[in-house]
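Peer 1: Pasting in a structure now, in structure tokens, and then I'll have a few things to ask.
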Amino acid sequence: MSKSLRETKAAAPSIPGLPARMAAARLLAAVVDARTPLDGLTDAEHGHPQFRALEPRDRALVRAILVTALRHRRTVEALVAARLRSPLPANATTLSHILHVGATQVLFLDVPDSAAVDLAVSHAKADPRTARFAGLVNAVLRAIARDKAADLPKALAATEDAPEWFSARLRAAYGSELAEKILAAHRLESPTDFTVKSDPRRWAQEFGGIVLPTGSVRVGRLPAPVPELPGYDDGAWWVQDAAATLPARLLGAVEGLRVADLCAAPGGKTAQLAAAGAIVTAVDSSRSRLARLQTNLDRLGLEAAIVQADVLAWRPDAPFDAILLDAPCSSTGTVRRHPDVPWTKSPADIEKLADLQRRLLDAAVRLLNPGGKLVFSNCSLDPLEGEEMVRGFLAETDVVAFDPIRPDEIPGTDGFVTPEGFLRTTPADLVLPDAALSGLDGFFAARLRAVA
Ligand SMILES: C[S@@+](CC[C@H](N)C(=O)[O-])C[C@H]1O[C@@H](n2cnc3c(N)ncnc32)[C@H](O)[C@@H]1O
């Protein structure tokens, strides 16, 4: 490396704000080029070293840049492309990420345009792969900033902000009209839902939120970070999307029953079952996720027997009265909170996960007492991981029979039960007058009953 290059590289991070932009571009590369999930990269303890090296305020900025850049990736791409004389070569990925990080701030974030542009130019200069394009970065971002009031609404209207495979599968599953509503919902941040042990009205008032028809408390903008909210230390509530509360409730009254929560961590549904009086065994294969489950239960003052095991191989001493199997899935129902999902997952992942789910379901039904109920659920929007997988499984098993869900079983859910008796929610559900308070995670659930 030449002396001048070494000097530039050493001097660059001392520019205030530059390490955060460099980390943002590095992490964007990890998500879109290496398909690495964003949550792992931005984990406070195990995340990417460039992220962990930042101050808490800069970490928050990097996360804001990344979720916004991913949520609006196609819009940013179109506005950048419109300012280039010719498309960037496929191997110019670093330059592309610098432009996306800069343009995201200019278009969507509360960062002065001049700071966003200057830092992108400094970043380009500091990297030998992009130094000669610093002038181009400056020209493209200044032009985007100058014309954003006119150009941004047009670009938003012209794109769906999703990779083609993802919108195509949504269209095939839900038809164009609903698919477009789901894609529009994915552009919005989701509100925060709380499952409260009691008195939802009180907590809604305390947090400035509302009580949903399903009983969850929903808050648009949190008054403080979650661990600083009243009731946190007392274990009066836990954060859980309203749709995620439904599968456990489909087991009905569980007080005094032996219930297995399979694929349980980090334990939102374990907490529901324990709070409802079940004798719960929580099983998961991940030691670190089970540690989080234990911490969560401790805070909530709830109890469950915890077992680290692979559900495919687990042989308990005795069968269970009821089972919840909340299987690993593509998580395509959580794109509002995880906008990296469509960029890190692929149709091949969905096929692999559907196969794993079917094997997990086959193992789980064998752990039921005669007549016992099993609810299978996941947070995927893809029928291959939901309706199709369960129909295929039922066609070949004689261990369990389908137990259709009735529309009136849980208040506020009649619109989410399909004519066939599955539970199906999407982010386009639960439309309220305030768009910031609308929507649900995409969830699927089916109930089966062991043949006596
Ligand atoms: C969707 S998450 C579960 C969320 C959880 N039910 C809740 O409500 O908080 C899926 C979980 O399945 C676990 N898992 C994946 N494959 C497994 C297997 N073969 N056996 C046991 N657990 C598994 C993962 O470690 C992960 O914690």
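Numbers here mean position along the shown chain, with the first residue as 1.
Glycine is no exception: its Cβ is also placed from the backbone N, Cα and C atoms.
Quick caveat, the model's predicted, so the values are computed rather than measured.
Here TrEMBL flags Cys379 as active site, nucleophile. If you look up TrEMBL, you'll see Cys263, Ala264, Ala265, Pro266, Gly267, Gly268, Lys269, Asp284, Asp310, Asp326 marked as S-adenosyl-L-methionine binding site. The feature coiled coil is assigned by TrEMBL to 283-310. According to TrEMBL, the domain 'SAM-dependent MTase RsmB/NOP-type' annotation covers 154-451.
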Peer 1: In Å, how large is the greatest distance between any two Cα atoms among Cys263, Ala264, Ala265, Pro266, Gly267, Gly268, Lys269, Asp284, Asp310, Asp326, the listed binders of S-adenosyl-L-methionine?
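Peer 2: Max Cα-Cα spread across the S-adenosyl-L-methionine binders: 19 Å.
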Peer 1: May I ask which residues of the same chain, at least 6 positions away in sequence, place their Cβ under 8 angstroms from the Cβ of Lys269 (S-adenosyl-L-methionine binding site)?
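Peer 2: Spatial neighbours, sequence-distant, of Lys269 (S-adenosyl-L-methionine binding site): Ala244, Pro247, Ala248, Asp261, Leu324, Asp326.
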Peer 1: Can you tell me the CA-to-CA distance separating the residue listed as 'active site, nucleophile' and Cys263 (S-adenosyl-L-methionine binding site), as a whole number of Å?
Peer 2: 13
Peer 1: So for Ala265 (S-adenosyl-L-methionine binding site), how many other CB atoms are inside 10 Å of its CB?
Peer 2: 24
Peer 1: So what sits near Cys263 (S-adenosyl-L-methionine binding site) in its own chain, CB-to-CB under 8 Å and at least six residues off in sequence?
Peer 2: Val283, Asp284, Val311, Leu325, Asp326, Ala327, Pro328, Leu360
Peer 1: So, in DSSP terms, is Gly267 (S-adenosyl-L-methionine binding site) helix, strand, or coil?
Peer 2: coil
Peer 1: Report the mean pLDDT of the predicted model across the coiled coil (283-310), rounded to a whole number.
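Peer 2: So the average pLDDT across the coiled coil (283-310) works out to 98.
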Peer 1: Report, as a single number, how many Cβ atoms besides its own are within 10 Å of the Cβ of Cys379 (active site, nucleophile).
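Peer 2: Around the Cβ of Cys379 (active site, nucleophile), 25 other Cβ atoms lie within 10 Å.
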